[in-house]
Ligand SMILES: Nc1ncnc2c1ncn2[C@@H]1O[C@H](COP(=O)(O)OP(=O)(O)OP(=O)(O)O)[C@@H](O)[C@H]1O
Ligand SMILES: Nc1ncnc2c1ncn2[C@@H]1O[C@H](COP(=O)(O)OP(=O)(O)OP(=O)(O)O)[C@@H](O)[C@H]1O
Ligand SMILES: [Mg+2]
Ligand SMILES: [Mg+2]
């Protein structure tokens, strides 16, 4: 009995020990994670802090509808931010996403109204995005045009083609299946409009995010993307497929702009040539807030999604405040952004100075 | 230095294609209207007038910001705030003038104050980039948002109009029939050009743009240089703002200078300076700025519909980029070999 | 061996860069199961030939056959597919990724859910273990490693694909004797397994120790293919294209300076250290003396030098410069005090790639003068001409971009850059890395000449022979700590130092001076 | 039974139409934000009307960069928060159905300010208060027809391509001009609502047309003023050599009209805060309101008319 008892005690102790060791290892791992993860972690912390701040000062933030709408209203931004992350990780930039969305959605709605199969139309919309990405990628990769300029050109091109197609809003039929993507699925029915809801668009955003994470962290292509951002020259001398990967990232960004076009069009039910003006800057800001370096090579796609949500939350907070002088809104937006990157910088600096 | 040498040097410069593009656009306009290039004395105003002068006048603000942008880009940075700084500078000067009398002294005060505020914004950019270590893109993006807000705060959201003949003269005056604004712009470019190229400033700016770490080891102080460069960019954007508002004596806080940063960046890149930083060409930036002004004017002159304008610009940009690219040039002069891998060095 | 078919055969290869014929009708053959050294001075075209083979540069003429098939690779990845793995001269790794990833990039182990990182890192660790690096944690960032270890990582990476042909362009330039020996063990084993190895090095001993055959290039031209029992003097004269006369000077200068002692201390550092990089260390430099820093990889030599130059800030310790206490907070401050530091990390901290040789050469002088006082063009040309001539930079064209120079010539330009500032204290971190034997002698001679002129020199080199040859006092570092300081003398050899390092730990205190 | 009167409980009260903040009625104003003098006057007027003294808490949410997406999220946020009434001044007319339906579900009445929605489904909102763009621009065209009975050559300075105001103002103008074959349309260019761009565009147009333009239709005052400057710089006298007509009726424009630099200004009246408040009151009291309340606008066709209107001009 005694020995049994001791054995049992020893076992528990051992078990606890093992657990502690496991915990210790986990903690150690968490503490010494890649320093490049710090800005992203900071972004997440700051996002939560903003939520709490909003709840305390204005209320009504931690409630189902506000949170649901944060995702639903920013689904398109999350999607293009994921695409933008790919491009920025290679050290490039894609200014064309907003214009691509405009062209893709106008063209898509016009085709749908011309009687094309709506599912086919959605595919075409994504394909248009891919095509723009291909053009930009080709200019960059084969003709050595700088990404900023190449995508500025495709931005003008997209905007111009969209305007040439139509300068009036193109309306989608109310019963079009494309509209289904924005049908709200109620998960938890609360009082009034205070429901926990989700749309297919929101789900797509999450899937895109997870897909982006998988590709970047679990495939060779993804790692090559990071390598290119570290040093393109080194990556090509290491025998990595630099060219095709760079082509790929622009196509990913363009294709996701196409997806965002589908999601956004579905939500509004219309398409317009002026849709998406300035969204490229939102997406870039989201990526940067999320902790990705604009010089490439470091960052996380998850951070970009958080960045997109931060931007969305910022708007909500400004609206909730309601008393901000209209002249001041851009100053305040800028200031919040600045505070954000400064805090992030502070956090990362202390880490690297250790 | 014989003619052949000069010709070879010109062909080696990347901005030669900007010049060629300008010539082509002018030629297209000439086809549309054979009298396009004529410069004549306007019988009513007794000043020189003509499409070429219009282009030059319109190029003046772009010229200013392109030169500033060129220096910033050379340090491997970027300044997205120039358009907003233009608005701030315009807002400051118009607000001041609208409450002052039309005296010349008011104009000088307005100019000084506007330039001061613009420079301060530039200094803030510089400090954030050089001292705090933020990324230039995001820093100046913040400043682009905040700057436009500041302009709106200054005028309380109004589009302020003012009257002051001295101030108006900047963009509308003539010296011997020649528009003042062009002379001013060229003088500024010349001064900047001389300062960066006759001193070692240009070399040091390029050096930190190519390899900041190595530059530090050589004893160059990147901090001071970066702050200087961003301040200069702010100052030049301020001048551009003054040029712009003085043409119409109105500041439009949401429109003045909007999207001008893209024009400036485009001008710089078409002029042969790489966005990755390093070697810069002010001459190239100037050529790029003139190209953009010519392009803007051509679009209107040809009556391209508003909806097709962006596509038209896109085509022109793409064509220029293609011509500039080694690959296409390789096809043209097939004697030159093209290395399979670009000589582009991984920037640390 | 020669009856067998070559696995790589390059015929009549020519490559011309604007203004330079880098390769002019060069032939090269590599057989399975041999280690073949490619020899030549700096700028002879060795690296270019390698890049021609792997398709990084497109050849202007000639043909490349691999395993009997004509090939036209368009880059490293193509070459890898044909079984050719390459380690280029400048280490090409991604410092933003982990050690394991750098080894395995493009060859990650894939499982059901994409890349299996655990397995990948395991394979990486196995590869690293082959090179004696089993102590490394593959999940750590590469940036935390010193340059030398990075070089080993690059080699480990090349071996991952189990190549038929292994190309190593100056793999040993920053390794010390121990690492070189373990590398050679592996190379010999690979050779015995039938792998063809192309090896480039400027160390003749290494070449003779490992090679089966040699190909010599001179000025981009094929000089000849020889068995590895060619007498040294013949080999050298083939490489430099003249008789050996000029070459004698090396041995003559050996330990020449240790004859007299120098007392005029110019710099005296006490307890200088920095957390995480070097323990508090005392070091003093005298006018006219060459002081050496010896130690194994990662022993903290570079770190110490950086503290003396202000490139990193010291946490502890004091510096007394010319009798006055100073703090060196930045390179600018150090330069003002007439200290110069030539870095071991040529690519990232040395050259400014897109500037010309002239601009690179005068940059430090210019930085000292400040931007307001530009160096007149005439003065620039004078300085440039002087050092191009003195250090034998080739091609001797000051208007060429420095990134287009061969590695060794870049190093010479950098040395010139610092000499041009006329320093009183010159810190040289691996100044002879990648430099051909002729030029190495020149550089050693230059260093001794500077010392004679009263310059205090701190000389860091992984080549112990070199340290012993020219230093009058040698500090030995181990594990980021100074373990000994010895006075050079006729009885001191590289073996003495190796012994000190090996014995440390067993014998607690080593006698100083 | 804990009384938290700080308004953080807004959402729980959503739907019962009550006033969450003590006595104040919370009004969410989805606004456009700084865009030009007209917008400034309009939004200032509304802010000045819905004051706390009048019993309102006005929550003001301007769009970021005139972007519809930001307006939609502001709108959604107001619904989530549970304000009592929403005033919607849309940058774009279409694409609002879903948002409006949600407001309906939350029983929050929506009143459209200025811009209508497309398609105009009156069941989705309570009322629209606005001047009529088509009518205003038709008025300009009719003036042109009466001024130039024999016709003439005209040029249009538009806002950015694709914006609904631009489309509507074009439509109103074209509706009249299409029946007037004696008028020749020289062209139309965007000047992005901006004076300096308008000046630059029109100077080129003048040179390409050899100064042969009779009428300029500027879709806002700012662009009209730019055209006047361009004409003057080219040595023409606006009002004599070329007639410039603009829409909006800001103070600057009326001053220019008084000086004879502009020839015709059609007001697009921004001052309807009072009307909006009346509507809100009625709606909250459960009364019926008209679904479209047109705000009357004036036109000014002579320096004298402008002189007369100037002293009382509020924008
Ligand atoms: N990308 C390039 N552009 C122009 N010239 C080049 C380029 N690469 C090499 N060269 C020139 O080609 C010649 C051969 O250089 P290479 O690098 O092959 O020499 P190397 O034998 O490897 O010398 P080292 O021992 O110094 O490494 C040199 O004169 C060099 O200046
Ligand atoms: N850039 C760096 N960043 C972080 N840590 C570094 C860096 N360089 C070196 N280290 C660390 O400092 C240690 C000492 O490196 P150091 O370069 O001083 O060694 P060394 O004696 O000069 O040898 P060698 O330069 O020949 O490798 C290395 O083992 C490495 O862990
Ligand atoms: Mg080499
Ligand atoms: Mg070292």
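Note: Cβ is positioned from N, Cα and C throughout, glycine not excepted.
Just so you know, TrEMBL annotations never went through curation; they're auto-generated.
Note that the coordinates shown come from a computational prediction; the quantities given were computed from them, not determined experimentally.
Summarising the annotation, TrEMBL assigns transmembrane segment to B:12-31 (among others).
Residues or ranges marked as transmembrane segment in TrEMBL: B:55-73 (among others).
Tertiary neighbourhood of the transmembrane segment (B:106-130): same-chain residues 77, 79, 81, 85, 88-90, 92-94, 96-97, 100, 136, 139-140, 143, 147, 164, 166-167, 222-224, 226-235, 237-239, 241-242, selected by CB-CB distance under 8 Å and a gap of 6+ residues from either end. Residues or ranges marked as transmembrane segment by TrEMBL: B:106-130 (among others).
If you look at the transmembrane segment (B:137-155), the same-chain residues 6 or more away from its ends with a CB under 8 A from one of its CBs are 77-81, 83-85, 87-88, 90-92, 94-95, 121, 124-125, 128-129, 251, 253-254, 256, 258, 261. If you look up TrEMBL, you'll see B:137-155 (among others) marked as transmembrane segment.
Annotation comment: TrEMBL describes B:175-196 (among others) as transmembrane segment.
As annotated by TrEMBL, transmembrane segment applies to B:225-245 (among others).
Positions annotated as transmembrane segment by TrEMBL: B:265-292 (among others).
Among the features that TrEMBL reports, transmembrane segment is placed at B:299-325 (among others).
Here the listed stretches are B:55-73, B:175-196, B:265-292, B:299-325, and the one with the most C-beta pairs under 8 angstroms to the transmembrane segment (B:225-245) is B:55-73. The transmembrane segment (B:299-325) is not in contact with the transmembrane segment (B:55-73), judged by fewer than 3 CB-CB distances under 8 Å for residue pairs 6 or more apart in sequence. Long-range contacts of the transmembrane segment (B:265-292) within its own chain (CB-CB distance under 8 A, at least 6 residues past either end) are made by residues 13-15, 17-19, 21-22, 25, 55-56, 59, 62-63, 66-67, 69-71, 73-78, 189, 192-193, 196-197, 202, 205-206, 209-210, 317, 320, 324, 347.
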